[in-house]
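K.L.:
One structure, as structure tokens, below. Some questions next.
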Amino acid sequence: MAELTISAADIQGAIEDYVANFATDTEREEIGTVIDAGDGIAHVEGLPSVMTQELLEFPGGVLGVALNLDEHSIGAVILGDFEKIEEGQQVKRTGEVLSVPVGDGYLGRVVNPLGQPIDGRGEIETTDRRALELQAPSVVQRQGVSEPLQTGIKAIDSQTPIGRGQRQLIIGDRKTGKTAVCVDTILNQRQNWETGDPNQQVRCVYVAIGQKGTTIASVRRTLEEGGAMDYTTIVAAPASDSAGFKWLAPYTGSAIAQHWMYDGKHVLIVFDDLTKHAEAYRAISLLLRRPPGREAFPGDVFYLHSRLLERCAKLSDELGGGSMTGLPLIETKANDISAYIPTNVISITDGQCFLETDLFNQGVRPAINVGVSVSRVGGAAQIKAMKEVAGSLRLDLSQYRELESFAAFASDLDATSKAQLDRGARLVELLKQPQNSPMPVEEQVVAIFLGTRGHLDTVPVEDVQRFEQELLEHVRSSKEEIFTEIRESKKLSDELEKTLTDVVNEFKKGFETTSGESVVPDENVEAMSEDDVEKESVKVRKPAPKKK
């Protein structure tokens, strides 16, 4: 066995070396104590240096946000599982504000308001982060709305057009098709995405606030089937989430979208819906004992939405020329758009599309009320071809609605009024559109051209949609150059209009109504020339489909 020898000199040298390299390293850490907790809110004692909107760390890695800074305590919103937060637990400062990871890794994913994936497809690889509370672009950092954002919905693109960088409110009662309008708009961006041109591509962010889980799953499935998830991110705060998550969700979606906007890209963001967002913020404010105002909402509920929607903008060329277009949704009760939250958001946005229950129940879908709907800045972004054909559409429909109510009481009408009623009925039928079937703008121009130029006046109302579909199919198959010219030039020249009129008139000769009649009035038959004698001519008419 080896003998153990201890050298006093070695021990002395080790101690001297340790003392020479010793440095006092003190850490200052503020620790608070939970004095009460419940309903997603916690009051914390201590932490005298905490800042508003600062992240706090509760036991178990649960995060909270400091909202109320009182003299002796802090009111914090707990983000996540608040059931395990108890009185007496310690709370630490983080010195950070809320931020989320951002980047192209989010495309095609479903995340929660903290930016964490919840679709079971693994982690999201990102390198950048962005704070949730950021100042909106200033006046000098913006430019006017000039590029169209096509929704693929005839009634919107023709009457209340939307431009890139605009905020267009979609408002209406529950079950009137608000979400369907936004989903169709996202689906319509697929053609632009497939071009691969960054100037045409539009990335989409769908923020679901307080929606049922089945509704969010249905939207995701629709987008996947339409090939739209390749360029879409879903931020989900379902009804089962705490009020804190519902309050944060729109800001998370905006942070993800703003990253792309400042990178020179174009983004469409949908907030579905801001009524539930305001209600979640009201719940938080009341639990924090903030003084209630009108309808028990806190005094800063206007600022809650204005600072969110002001982030939507068309940036100046110096900042890359990116854009963020916002489609906030608001749910009304009994079509009352003069309530507190609806009037707030109407005053913030650049226009609104009002969806009406009565129209929806009559089968007019999308159920857009032309009289109340307006787009304040989108007209500058509308393509010239659509401006030319849809110029009188809004007036015609407004006159039709007015005459329709009058005609219910009048026994006889003059010829002009009858003509307006007949054309109005056909225009209403023309603007109907099935869900999840957005239409390219060049096809919309041709369809609206049929109605406003009087080509449908001889077509029975029940045959209008079939006439439109068969004509568009005819143009696609034999006169594709019409669509190509409208798509590329974005104009309807006199020559093109004449060509289109000739195509429509020729098509009408072979179209049969459901009752088997022609839509072309009979003309006086001229005498047959000698050259045509003993010659055969065959005319093919496409029969109307049999009624089931």
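Cβ coordinates are placed from backbone N, Cα and C, and glycine is handled just like the others.
Pasting the feature list from Swiss-Prot:
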BINDING   Gly172, Asp173, Arg174, Lys175, Thr176, Gly177, Lys178, Thr179  ATP binding site
SITE      Ser373  site 'Required for activity'
REGION    511-548  region 'Disordered'
COMPBIAS  523-534  compositional bias 'Acidic residues'
K.L.:
What's the CA to CA span in angstrom from Asp173 (ATP binding site) over to Ser373 (site 'Required for activity')?
P.N.:
14
K.L.:
Can you count the other CB atoms that lie within 10 A of the CB of Gly172 (ATP binding site)?
P.N.:
27
K.L.:
Taking the Cβ of Gly177 (ATP binding site) as the reference point, list residues of the same chain whose Cβ is under 8 angstroms away and which are at least six residues distant in sequence.
P.N.:
Leu355, Phe360, Arg365, Pro366, Ala367, Gln435
K.L.:
Do you know which of the recorded positions Thr176, Thr179, Ser373 has the most other C-beta atoms within 10 angstroms of its C-beta?
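P.N.:
Ranked by Cβ atoms within 10 Å, first place goes to Thr176.
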K.L.:
Under a three-state reduction of DSSP output, how is Thr176 (ATP binding site) classified: helix, strand, or coil?
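P.N.:
DSSP call for Thr176 (ATP binding site): coil, neither helix nor strand.
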K.L.:
Please work out which residue of Arg174, Lys175, Lys178 has the most C-beta neighbours within 10 angstroms of its C-beta, and give that one of the binding-site residues.
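P.N.:
Answer by Cβ density within 10 Å: Lys178.
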K.L.:
Have a look at the binding-site residues Gly172, Arg174, Lys175, Thr176, Thr179 and say which one has the shortest Cα distance to Ser373 (site 'Required for activity').
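P.N.:
Comparing Cα positions, the candidate nearest Ser373 (site 'Required for activity') turns out to be Gly172.
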K.L.:
Around the Cβ of Asp173 (ATP binding site), how many other Cβ atoms lie within 10 Å? Please give the count over every shown protein chain.
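P.N.:
If we count other Cβ atoms within 10 Å of Asp173 (ATP binding site), we arrive at 18.
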K.L.:
For the ATP site given as Gly172, Asp173, Arg174, Lys175, Thr176, Gly177, Lys178, Thr179, which other residues of the same chain have their Cβ within 8 Å of the site's Cβ centre?
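P.N.:
The surrounding set, listed in chain order, is Glu331, Leu355, Thr357, Phe360.
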